């Protein structure tokens, strides 16, 4: 009896293992009932419950204006194309600005001519610039080398062939030093008065002994090349 039970148990186990397995690919999920799928917009096509974009359904992107939106009129140089203002250069060949109405235009000054509401400079109206002095203005006398022409002082080189400055009157002129000679109130250097420059030492001043290559002449050290035929350190 025990043997029959074991055989039956083995047979049942074989039947259970022989049952075909269910693949995940064979499992299908049905959509929930009563679920509304929204319609697909432009450029999209509904495939099952999914919206797939199809470029051929929207060859170019365009945006329509909101309904009942007032489009302002286009200004100068622009033309309305649909709801857009497009600039057309032929509608405005040149930029010009009209003055405000009832605006007084001041008269144009010298060298200028009024053209409409604009002052245009005309060189022929002012061949040379000149400025007249204020009336009743005293003009100071011109100095040396200058000649008064109208209200202006003009420099004339022939009136001052050489520049010279006279000293102030009653000013003591110090005596000229060595190598200089007094000419009027000026000291002029004369090289013949100082053929060689030499400086005498102060009295009672000890003169240090001269170093190599030098020989003492009076109170001065004079360099003698024969005393140092080659430089050595």
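Each Cβ is built from the backbone N, Cα and C atoms, and glycine gets one as well.
Given the structure is predicted, the values throughout are model-derived calculations rather than measurements.
Record features (Swiss-Prot):
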- 40-51: disulfide bond (DISULFID)
- 43-58: disulfide bond (DISULFID)
- 74-85: disulfide bond (DISULFID)
- 77-92: disulfide bond (DISULFID)
- 108-119: disulfide bond (DISULFID)
- 111-126: disulfide bond (DISULFID)
- 142-153: disulfide bond (DISULFID)
- 145-160: disulfide bond (DISULFID)
- 176-187: disulfide bond (DISULFID)
- 179-194: disulfide bond (DISULFID)
- 210-221: disulfide bond (DISULFID)
- 213-228: disulfide bond (DISULFID)
- 39: hydroxyproline (MOD_RES)
- 73: hydroxyproline (MOD_RES)
- 107: hydroxyproline (MOD_RES)
- 141: hydroxyproline (MOD_RES)
- 175: hydroxyproline (MOD_RES)
- 209: hydroxyproline (MOD_RES)
- 1-18: signal peptide (SIGNAL)
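Non-local neighbourhood of residue 107 (hydroxyproline): 114, each in the same chain, at least six residues away, with C-beta under 8 Å from its C-beta. Other Cβ atoms within 10 Å of the Cβ of residue 85 (disulfide bond) number 16 in total over all chains.
The shortest Cα-Cα distance from residue 179 (disulfide bond) to any of the disulfide-bonded residues (43, 58, 74, 210, 228) is found for 210. Cα-Cα distance from residue 77 (disulfide bond) to residue 43 (disulfide bond): 36 Å (rounded to the nearest whole number).
The two recorded residues residue 187 (disulfide bond) and residue 85 (disulfide bond) have their Cα atoms spaced 89 Å from each other. Per Cα geometry, 39 is the residue among the recorded positions 39, 73, 108, 194, 213 nearest to residue 58 (disulfide bond). Neighbour counts of Cβ atoms within 10 Å were compared across the disulfide-bonded residues 58, 74, 153, 210; the minimum falls on 58. Annotation: 209 are the recorded positions among 73, 119, 126, 175, 209 whose CA atoms are within 10 angstroms of the CA of residue 221 (disulfide bond). Separation of the C-alpha atoms of residue 40 (disulfide bond) and residue 119 (disulfide bond): 67 Å, rounded to the nearest whole number. Long-range neighbours of residue 141 (hydroxyproline) (same chain, six or more residues apart, CB within less than 8 Å of its CB): 148.
Cα separation, residue 160 (disulfide bond) to residue 142 (disulfide bond), rounded: 13 Å. For residue 126 (disulfide bond), the nearest of the disulfide-bonded residues 43, 51, 74, 213 in terms of C-alpha separation is 74. When the alpha carbons of residue 85 (disulfide bond) and residue 111 (disulfide bond) are compared, the span between them is 44 angstrom. Residue 228 (disulfide bond) carries neither a helix nor a strand DSSP state and counts as coil.
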